Amino acid sequence: MQPRELHKLTLHQLGSLAQKRLCRGVKLNKLEATSLIASQIQEYVRDGNHSVADLMSLGKDMLGKRHVQPNVVHLLHEIMIEATFPDGTYLITIHDPICTTDGNLEHALYGSFLPTPSQELFPLEEEKLYAPENSPGFVEVLEGEIELLPNLPRTPIEVRNMGDRPIQVGSHYHFIETNEKLCFDRSKAYGKRLDIPSGTAIRFEPGVMKIVNLIPIGGAKLIQGGNSLSKGVFDDSRTREIVDNLMKQGFMHQPESPLNMPLQSARPFVVPRKLYAVMYGPTTNDKIRLGDTNLIVRVEKDFTEYGNESVFGGGKVIRDGTGQSSSKSMDECLDTVITNAVIIDHTGIYKADIGIKNGYIVGIGKAGNPDTMDNIGENMVIGSSTDVISAENKIVTYGGMDSHVHFICPQQIEEALASGITTMYGGGTGPSTGTNATTCTPNKDLIRSMLRSTDSYPMNIGLTGKGNDSGSSSLKEQIEAGCSGLKLHEDWGSTPAAIDSCLSVCDEYDVQCLIHTDTLNESSFVEGTFKAFKNRTIHTYHVEGAGGGHAPDIISLVQNPNILPSSTNPTRPFTTNTLDEELDMLMVCHHLSRNVPEDVAFAESRIRAETIAAEDILQDLGAISMISSDSQAMGRCGEVISRTWKTAHKNKLQRGALPEDEGSGVDNFRVKRYVSKYTINPAITHGISHIVGSVEIGKFADLVLWDFADFGARPSMVLKGGMIALASMGDPNGSIPTVSPLMSWQMFGAHDPERSIAFVSKASITSGVIESYGLHKRVEAVKSTRNIGKKDMVYNSYMPKMTVDPEAYTVTADGKVMECEPVDKLPLSQSYFIF
């Protein structure tokens, strides 16, 4: 079998699974519907009785809207399949595959030998659920029009194609440089281009005359490229010379008689805002629904320029001499530009181009050619050495950071990366009993080995050593060997003596201390543990307590200025299934036995509906600052991001708008609060926010691109150090990259170690220890971990006065009871995933 046949076999398996689900009355999600139709088309091709055209039609009537979830009607626009016909391999494209109400289940189940279910199993939903405004990722565009470059003068000009073939001219092409068979007054076109939307074109048919409007080029007004007729800086005094020369070369020129000229210039080109959003993505004051959540964001500002958007493609803007600068060295130009992205970050929700150089973000704003465009940002020059990632109608966030990782298996890295995580911070050595329970890499040999073994993986890595030692020599040795933090865990004994010793060493070496406190209350209650902190900064893991910690009141620590609190994701958010799964998780992770009553009591003491409910609200208030996974040790490494947004959705559902969003009709403040929980705040906490954690100039270019409809669930692309490390990719044998099956695959950027970072202690670098390991990743020291506090947690610095009833478990914050009901349905769930 060829590799492509294995990929098609995966498609067939999912298509077959979708058929079985359909036969028992399950309405299919987008992935299931796509796979069913695609795999059935493959089977029809195998019969050898149908042409490409036949199958393009047949694929449109298999499933009706009654057979799929309502959102599929708007999300499934086309399916592309390549299959082997009797005469070879050909592409079949199914446009609008869900375009009927009832479909044809005989076609959908052909060859499966499954019984055809009754249509009564698939009642239509309420009509409002099929409305576009209820679809995931819906963009609500402000009414009105957008004027393009309104301050520029317009010059109308008559143009006739004297050739025998059509001529199409793009928006930013220097009009004087156009085809020799276009006849017009070239003197009027000197230093000008078409007044049309960026990336569009005007087509001149043979013999046809059109009147078009021209506008002056901007920037340095340096003309390059084209036919080199007017090369150089625009100089009106050169017009006659340039026209004479081009006429000698055979280019047509027809001076316009003043009597034939229009009496006045035309008004600026106007684009309806809805069309603008389709072409370039939403702009200022447009609203976007995030995935299928109830969260709505408003674009606060657009840093691109209407009429000068940088657009790549055939006949579009980013071409030599137009949107791409000529004759500039690599040092002067971006390595990669991401164009027209909606950025969601703690710094704002806005639209901009993002410039990348040497793996770092060097510019955010307007990118392009300063020779011909105004307002090009510093360090934002697009040249022949610049690659382009088009992000129109996409969201860009910074790569997520999971700050609670048990490195139990290397496959976690692949799973985390595919969810949008680009930094994993924690400890472990593989599936040892110690690592299954704790995040500790406890000695130099294992630290060296873990740094080297993760060196080739496309993930930033930071390791934590074992901090449970009331002495200091081993703790120091672990930091000097490369650990970027120390972890205190109750399974190793989180006693006041160990806490004091660990924090003292962390203070000395400027690394973070992390703690899983004492559920047993063996040495002290929570008050004793807090006293042992001595007001020193510490990251308290799973501060609610189900993941471990003083029962029942570890959650009270969120009131203190030196506590940097986080949640782990099994309790995010509180649902009707949360409590029932926790006990078995806990027993496995912490090497407990159901045959030992004390083990069972220990486990049960950690699981409390009251504190989990309180955790929801404290996250929404910004009293708990971070969300992480606790990977394979009571947590899911691929769900940090999705469960963060589920928590935000549930809180909006039950608590309404936050005061800061009240009356705005959008959730910008809430979204900034939640995105900070897995980006900037864990980066600040662990001393790496000078390098990662936010979409800002100077940060390492770990960026995640999302389709609006898939936000929070499934990235379309992940960049590591400015290079694509993961993307949604079709059949590698396909004639185009969008042929089914589309899967998240690691790309070339995943195989360059220098696109990722190993975060280590400064001591391990200055001593030369890290250099001796021979790592290929970039190496960076953590810093400024000991002089921070809750006040530094962006959008998440609230410190309410906390109480917890030791018997009823009732939690209050600033005198208010923190209670909410569990939910039985959440977004970013069965609409997106197969299993």
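Numbers run from 1 along the shown chain.
Cβ from N, Cα, C; glycine included.
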(request) For the Ni(2+) 1 site, Swiss-Prot lists His404, His406, Asp630; sort out which one of Lys316, Lys487, Lys720 goes with them. (result) Lys487
(message) The Ni(2+) 2 site in Swiss-Prot lists Lys487, His516. Which one of His542, His550 belongs there according to the record?
(response) His542
(message) So if I measure Cβ to Cβ from Lys487 (Ni(2+) 1 binding site) and keep only same-chain residues at least 6 apart in sequence, which ones fall under 8 Å?
(response) Gly426, Gly427, Thr438, Thr439, Cys440, Thr464, Gly465, Lys466, Gly467, Leu514, Ile515, His516
(request) May I ask for the distance between His406 (Ni(2+) 1 binding site) and His542 (Ni(2+) 2 binding site), taken between their Cα atoms and rounded to an integer number of Å? (result) 14
(request) Report, in whole Å, the straight Cα-to-Cα distance of His489 (substrate binding site) from His404 (Ni(2+) 1 binding site). (result) 12
(request) Compute the C-alpha separation of His590 (active site, proton donor) from His542 (Ni(2+) 2 binding site), stating it in Å without decimals. (result) 15
(message) Using Cβ atoms only, which residues of the same chain lie under 8 Å from His542 (Ni(2+) 2 binding site) while being at least 6 residues apart in sequence?
(response) His404, His516, Gly548, Gly549, Ser566, Ser567, Thr568, Thr571, Asp630, Met634
(request) Just name the most isolated of the binding-site residues His406, His516, going by other Cβ atoms within 10 Å of its Cβ. (result) His516
(request) Determine the mean pLDDT over the domain 'Urease' (399-835), rounding to the nearest whole number. (result) 96
(request) Determine which residues of this chain, when His404, His406, Lys487, Asp630 are set aside, have a Cβ within 8 Å of the centroid of the Ni(2+) 1 site's Cβ atoms, and list them as they appear in the sequence. (result) Val405, Gly426, Gly427, Thr438, Thr439, His516, Tyr541, Thr568, Ser628, Ser629, Ser631, Ala633, Gly635
(request) Please report the number of other Cβ atoms within 10 Å of the Cβ of His489 (substrate binding site). (result) 26
